[in-house]
Each structure stands twice: as C-alpha cells, then as structure tokens.
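As annotated by Swiss-Prot, active site applies to D63, D287. The annotation disulfide bond is assigned in Swiss-Prot to C322-C358. Residues or ranges marked as domain 'Peptidase A1' by Swiss-Prot on the basis of sequence analysis: 45-393. Annotation source Swiss-Prot lists N-linked glycosylation site at N84, N90, N268, N308, N366, N398, N468, N503, N551. The region 'Disordered' annotation in Swiss-Prot covers 466-505. What Swiss-Prot lists as signal peptide is 1-24.
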Amino acid sequence: MSAINHLCLKLILASFAIINTITALTNDGTGHLEFLLQHEEEMYYATTLDIGTPSQSLTVLFDTGSADFWVMDSSNPFCLPNSNTSSYSNATYNGEEVKPSIDCRSMSTYNEHRSSTYQYLENGRFYITYADGTFADGSWGTETVSINGIDIPNIQFGVAKYATTPVSGVLGIGFPRRESVKGYEGAPNEYYPNFPQILKSEKIIDVVAYSLFLNSPDSGTGSIVFGAIDESKFSGDLFTFPMVNEYPTIVDAPATLAMTIQGLGAQNKSSCEHETFTTTKYPVLLDSGTSLLNAPKVIADKMASFVNASYSEEEGIYILDCPVSVGDVEYNFDFGDLQISVPLSSLILSPETEGSYCGFAVQPTNDSMVLGDVFLSSAYVVFDLDNYKISLAQANWNASEVSKKLVNIQTDGSISGAKIATAEPWSTNEPFTVTSDIYSSTGCKSRPFLQSSTASSLIAETNVQSRNCSTKMPGTRSTTVLSKPTQNSAMHQSTGAVTQTSNETKLELSSTMANSGSVSLPTSNSIDKEFEHSKSQTTSDPSVAEHSTFNQTFVHETKYRPTHKTVITETVTKYSTVLINVCKPTY
C-alpha cells in the first residue's frame, strides 16, 4: 500500500449534500422553506425526511445536480441480511442469482405496504444506472412527505426494489429535464413535477429558486432556503448572473446549473506572489453533490503547481508533502463582477496517519469544470430555475441564527439588493489563455503568464482520464454520478437520457419548456433532439473509450460538449456513493 493510501480515509465521496435537519416552514404564507444541512464526517451533507402514513424516517442524499427523488425498498435483495431489510434466499435479478453485497445496517429503507398514502404509478419502470456499474431499479409511485409537521402530498418518487447503490436514497432538486425517465426499457418517457416544482404548485414557495450556504468546512452545519435568501449568510455584494446553456445545439434552454467563469488564479497574500492561470471564459457547473473540484488538466496542473503538488498516476490524485503550511494562500475564482476566494485549507486532503502525503482536492478532467463543495463552502449561491439565473457572493462564515434575515425571491427572479452582473457570458469554447492579470490591482509581483494554447494542443493536454483517489473507481465523484453517487470529483453533468453503444451515442433531451399550471415543465409532446456521435469524433482517451461501450441510460452520467470541433465524451458518476480511498479535507 502506498503512502497516500495510509493517509487516506475510506469515505463516501458522494457529497450529495444531504439534508440532516429541517427547520420550521413559515406557516404564514411568506413563501419560503428552510432546511438545515448537517455536514457528516466532514465530507457530505445528509437529511432525514418523514415519508408515508404513518411516517417512515429515511435519510437521503440531497443533490442540486440531479432531479429525481428515490428511496431504497426494504426488500432489496442486494442488502446483506440485517434488521433494515427483508431476507431473501435464491433471489434473482435479470435471470441471475443475486449475491448480497451491500451493508445496509446504517441505511434506512422504505416499505410501501406500511403506508396508507402510497400510490403505485403504472407509468413505467424506474431505473438509474451509474458509471461505476451500480444501479437502482424499481417502480414509480407517489407519497406524502412530511416536513416539520407540514404534509406535502403527491410527491412522485422511485422505489428501488433492486439496488446496488450504497445509499438509502436521493433527493434531487435540479431541472426536471434531468430526470431519469428516458433511455431504458420500460421508461415512462415523460417528465414530471419534482420536489421543488411541487413546493411551488402547493404554494409553499412562489418561485422555483433556492439559496445554498454550506458554511465553513469545520462548522458542521449549513442551510438551504427554498424561495428566499438569507442576507446574513454572505458578505459584500450579491451579483446575479445568467445561467449558460452548455448544449445549445441540443436544447434551447439551460439544463444544468452552470454559469460563466471569467478567470482563475491563486495568490500568497503574505509574500505578495500570485499567478493568473486563465482569463478565458468557460462554463462551470456548481454542484453540491460534488465533493472536490474538477478542472481541465491544463488548469488543474497550474492550480496544483502553485503549491508544489504533483500528479500521482498510481493514486489518481495530486499529492504534496505533509504537513502543509496553508498560510495566506488562497485561490480566486473570477466571475467578472466579483471574485470568490477559497482558502488553501479547503483544498488540502489530510493523511490518516503521520508521515504520509497530503492530497490536493482538484481533479483533472477532459474538458469540464465542476465547482463542488470545496468551492461552494466559500460561496453563497442562489439558484433560480424558473428564470435561469445564478446569484453569487462571498460566504459569511461568521453568520449566526440571531442575525438571520430572510428575503423572498420575486417571481421574476429579482432579489432585493442584488446587482445585475455585467460580465459577458460564455458562448463557445476557446483555447485557454491569459490576456490579463486578475491581480493587477494588488501591485504584487506575478508569476509568468500561462502561454496561449492552440486548439489542438489544448485538446491533447486536456484529454486525460478523470480519476478518484482510487484508480480502480470508474466513476468520478466529485460528481456523484452514482458515484455521487458518482460523486467523487466528478462532473455530474447531464442533459438528458443517454444510451450509448460502441458505434453510436444518442442523447435525448427536451428542447422546450412549457408551463403546466404553476409548475414549469417540458411538454409531454415536446420534440427531443438527437445528437449523433460517430467514432471519428470521439476522443482517444482510453477511459472514455471504455465507457463508450458501456450501456448508460441515465442522463447524469455522460456529458457532451463540442470542444474545438471535437466532441469529448466524459463519463460522470452521479449518485453512486462509493467507498474509496480518498483523503479527508484538512481545515
């Protein structure tokens, strides 16, 4: 076992931000609902929801990057025998004998037969598969979910009768077009109003928007407020940016919670040394379900080099000598109208034992950039799915419950006191270059600029496999694609139901959105666009080639974006909370 494995902890890198505690819902019609987030094991967030009548308490992963709510059924034969599941001998799945492999003792499960409010839906099969090979398979139903004594009826969810995913369930709150309703046998092929949409239709909130505050990594708690912001949770100005459509040739509106980053750099405030890594506009996904930070290799290498970290091919992660003196080093993410500062301490993965290497919480990708929890803990983020807007500010780690000040988000997306960003959004990919210094106002010395890359060299440099701390992990969980259930460092980008074969990839995605009552959803007869992807266009990356032959049917698992006229396919694992040797963040 290498030194870094001695330093790492076996963790669930499924930073699916799970809700653990729920605060009171305002019952005076003020239009917002607040959840407290519990930071479990300093790695992820989790929550307990009361489901059914009488209620059954289930702890589920909470994820902004997915859209489905599903829970594990108590009869799941893949669970090792324990008190939470029924014991089945000689059970079969797809004609093969089931070999129990999941320790479900710490998980909560659901039994529909014990609930009088459960309604089975005959609209098709529920199925999600992840890039790491795990899956959840079952049926659709509706149920009553109780939040602090307030019943929310008719929540559609999946009941996983068979599941190899080591989680009790997932509560996804992303765009409905990310729902797992297409691309597999028996799929319902129709979008449905998911959890945040139901909150709006039940008039609990006025707009499908929510603000996320993860707080400092060592605080233990954060919060998410549906329908409002908390002015005490951020410092400085709150700027509102447009979401960007990462797939303009496939869909007509954004399908992911992505925005434009204008530049990126790092500085040592004590020594006044700094370096700008890029000033090229680029789309970034903000994902609470991703633990780490993913960046194209050419950028990830620069970020690591600033603190003398080097990439370990054996471990699949950047490493550096321990202990690390974090000092006044910080990474600065430039969005044009403001910069979000992330302290180096948030990016260091500490060893489990002394005398080992430390890890650096940035993972190289083919071409995607995903800002996971290590970034989000330093930011206050407002996601407005109705109006396709994202608002950002620097998080205030000194906020308290006493100073709380909730302000509702208006139906048109306007927020009292927020400023409209003026920075030009991303539209097409360009080579990474540095044409200016994002620290020009500091008067400090700068390292040499990163030289401009040609389109061809950029593709060559970024065409590398995204890895977790364990090179054996096929998924990335910075994203949790079922590895966020992919969530390792990964990109949990997705845009529609995907079916991949060795010679063709078909991506089905609704290209239009329509209002259904007070719920904004794609029309059932909206035309899906198909994106044909030939062998001649695929990347030569062996990791991508391997996954291109894997029949993936879940939208969250593969991401497509034209890059310099070359389509790069990236496999993302989402929802597969996988136990892997990953290092624990040091704060």
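Please read every residue number as a count from 1 along the shown chain.
Even glycines carry a Cβ here, placed using N, Cα and C.
Note that the structure is a prediction, hence the values are computed from the model and not measured.
Mapped onto this structure are the features recorded in Swiss-Prot.
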residue	record	contacts (Cβ under 8 Å, 6+ apart)
N90	N-linked glycosylation site	E97
N268	N-linked glycosylation site	H274, G327, D328, V329
N308	N-linked glycosylation site	L320, D321
N398	N-linked glycosylation site	none
Fewest C-beta neighbours within 10 angstroms among the active-site residues D63, D287 belongs to D63
Cα-Cα, N366 (N-linked glycosylation site) versus C322 (disulfide bond), nearest Å, comes out at 28
Integer Å value for the Cα distance linking C322 (disulfide bond) with D287 (active site) is 29
Rounded mean pLDDT within the domain 'Peptidase A1' (45-393) lands at 92
One should report the C-alpha separation between D287 (active site) and D63 (active site), rounded to whole angstrom, as 8
Cα-Cα, C358 (disulfide bond) versus D63 (active site), nearest Å, comes out at 28
N90 (N-linked glycosylation site) falls, by DSSP collapsed to helix, strand or coil, into coil
Quick tally, other C-beta within 10 angstroms, C322, C358, N366; top of the recorded positions is N366
